[in-house]
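Step one of this worksheet: look at the structure below.
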Amino acid sequence: MSGDHLHNDSQIEADFRLNDSHKHKDKHKDREHRHKEHKKDKEKDREKSKHSNSEHKDSEKKHKEKEKTKHKDGSSEKHKDKHKDRDKEKRKEEKVRASGDAKIKKEKENGFSSPPQIKDEPEDDGYFVPPKEDIKPLKRPRDEDDADYKPKKIKTEDIKKEKKRKLEEEEDGKLRKPKNKDKDKKVPEPDNKKKKPKKEEEQKWKWWEEERYPEGIKWKFLEHKGPVFAPPYEPLPDSVKFYYDGKVMKLSPKAEEVATFFAKMLDHEYTTKEIFRKNFFKDWRKEMTNEEKNIITNLSKCDFTQMSQYFKAQTEARKQMSKEEKLKIKEENEKLLKEYGFCIMDNHKERIANFKIEPPGLFRGRGNHPKMGMLKRRIMPEDIIINCSKDAKVPSPPPGHKWKEVRHDNKVTWLVSWTENIQGSIKYIMLNPSSRIKGEKDWQKYETARRLKKCVDKIRNQYREDWKSKEMKVRQRAVALYFIDKLALRAGNEKEEGETADTVGCCSLRVEHINLHPELDGQEYVVEFDFLGKDSIRYYNKVPVEKRVFKNLQLFMENKQPEDDLFDRLNTGILNKHLQDLMEGLTAKVFRTYNASITLQQQLKELTAPDENIPAKILSYNRANRAVAILCNHQRAPPKTFEKSMMNLQSKIDAKKEQLADARRDLKSAKADAKVMKDAKTKKVVESKKKAVQRLEEQLMKLEVQATDREENKQIALGTSKLNYLDPRITVAWCKKWGVPIEKIYNKTQREKFAWAIDMADEDYEF
């Protein structure tokens, strides 16, 4: 193209004085030649280029017509001046077009093509060509046609590349800033991606920033779909037999269903317990037909083996499911969750905790519960009480059924309730722990505990004075309060004998639950506690107490039998009334919450070293948490897989130690080479080996910390205190102060539950 231009230029200079018509013919030939070349390129380009071609042709026609009229006018001098100006513009345009062609070529090499922009031809041609030395490369002038230019279409493949890069970076969790900021401004996709997380944040209901409802009002609008009932019983296949006294016996559907509950637990320890077997057989017979009752009279003659094997095979089959089958089940569960797992409360979508009704089965209980083995009957719609607002759509019961009752009580937080048949207790469907109602309750609980901090010294002085009271009732109350404060004991509720497991709290302690030691293990005035607490978890502790407490306990135990109450003049009602007099809202649980939270805060201050790395700080946190769990007696049985997991962890530690030893040998060898060689390459090798050793040392330390943590916590339940007794703002403040990621302490569910604390607390927060 550039050669043709030079040839044309020289031709114009040589024939400058020739006839006007000849000049125009040459000029048009040149123009047509260029136009043909552009036409070839444009066949590959998009519709926009075609549009430019049509504009080009139109401009040529206009030019010809204008030429004719101007020649007819005969104003040749004026005409010549104009052509001088036009020729200048033409030369500039040709230069720009030549550079544009080179640019297009380069862009094609880079993986995308940009259609050449053909400008409209000038209205007239000139005859004067300026000297070559005056011609300078210029930027492409912007004219009206450029306003139609759309860079978004040209950079289509750029956008695709950028999208792909962004996706790859998001997968790695490292979203980098784009190198070319101008491109980002033109391309809308990345901007949309950046805005998505912000939208998610906006959707989170920051209820703690809103004005609270009047006392007692829990909500103003509540709508939900009701509960999901347990699926109906599916009879066993004919190939699965039940035997009684060695003979096959076909059971009625109701009797068979209850028999399957026992068969599923056949290998469990429960089915060997006499009380479990007795309660089960009694309730099973209630579901039998008269004929079955006459035949089945002894549980020991019943053979549930085939039933048990059938359910084991089903469990194994579920484990062996294909990915497609598992995905199908997951999708069905998600569909169910989407429909029934959420409610609308005060124009906000809130998650429901337990929207499924518990299926029928056998009651287990904790410890040696007197009712273990009894039949938990199937809950029907006729047992259900629905709670929603008056202006909400009442959920529809299953076809052929109706609800027991529909209420509109906005002073309670439950959505659905029913009464279970074992102990006659009321069961509820409630909102998820991350909901506003649950969050407000937690916040209020910790604020009450903080109020106790202001008057706890006064209360302690008061009960110390009461140890010397002339009234036995006051002395017993003061000693009980001392135990609740110092040992974080629960108050203990009064229970009907034979109805529940024999668990006790502070007020219900019996003489048999404590032993007094004037001196034990080098300590004076030691009280030895041994009783079953909540959930039949054993509380065993040896505690040195103040002398006056010890003397009072000796007095309380005088002339009493082991089964007699230690605090015979005290009950939970009397104690709670006294606590309310000391501070509004004060209960034994508030004392537990206060002591747990204050212990965590003190332990974190003592155990956290500023120069420790993150894993060491997390170990310090878990040790502080464990101190609280021990105080609150949050125990657990060691996991069944504990020994195996510890062996696996130890083998990892041993392997890491070997790797570290090898790395240290390599470093030593590299240092020796560096002393001899004394060049830059060997120095780099030494630095590389040093970094490898440091990395392995860190990895080994993490594994050792993990092993220590597991061993120390194998019988301690850290989660109970973390979720229920520790003010989360203490943890959040500690994380922010020491740069520990909150994800290392709280999992996703816990972060949702404590969103209010994470948003509210800063590093200077004090309980």
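Cβ coordinates are placed from backbone N, Cα and C, and glycine is handled just like the others.
Range with Swiss-Prot annotation region 'Interaction with DNA', chosen from 394-399, 490-495, 610-615, 706-711, is 490-495.
For the pair K644 (SUMO2 cross-link) and K714 (SUMO2 cross-link), the Cα-Cα distance reads 13 Å. Its Cβ taken as reference, K644 (SUMO2 cross-link) is surrounded by 10 other Cβ atoms within 10 Å in the chains shown. Checking each of the recorded positions R318, T503, K702 against H634 (site 'Interaction with DNA') by C-alpha distance, the shortest gap belongs to T503. Among the recorded positions listed (R366, K445, T503, N576, K714), K445 has its Cα nearest to the Cα of K338 (SUMO2 cross-link). Put simply, of the recorded positions R318, R366, K445, T503, K714, the one whose Cα is nearest the Cα of W414 (site 'Interaction with DNA') is K445.
When the recorded sites R318, K445, K534, N576, K652 are screened for a Cα within 10 A of the Cα of T503 (site 'Interaction with DNA'), the ones that qualify are K534.
When the recorded positions K338, K445, K534, H634 are compared by the number of other CB atoms within 10 angstroms of each CB, K338 has the fewest.
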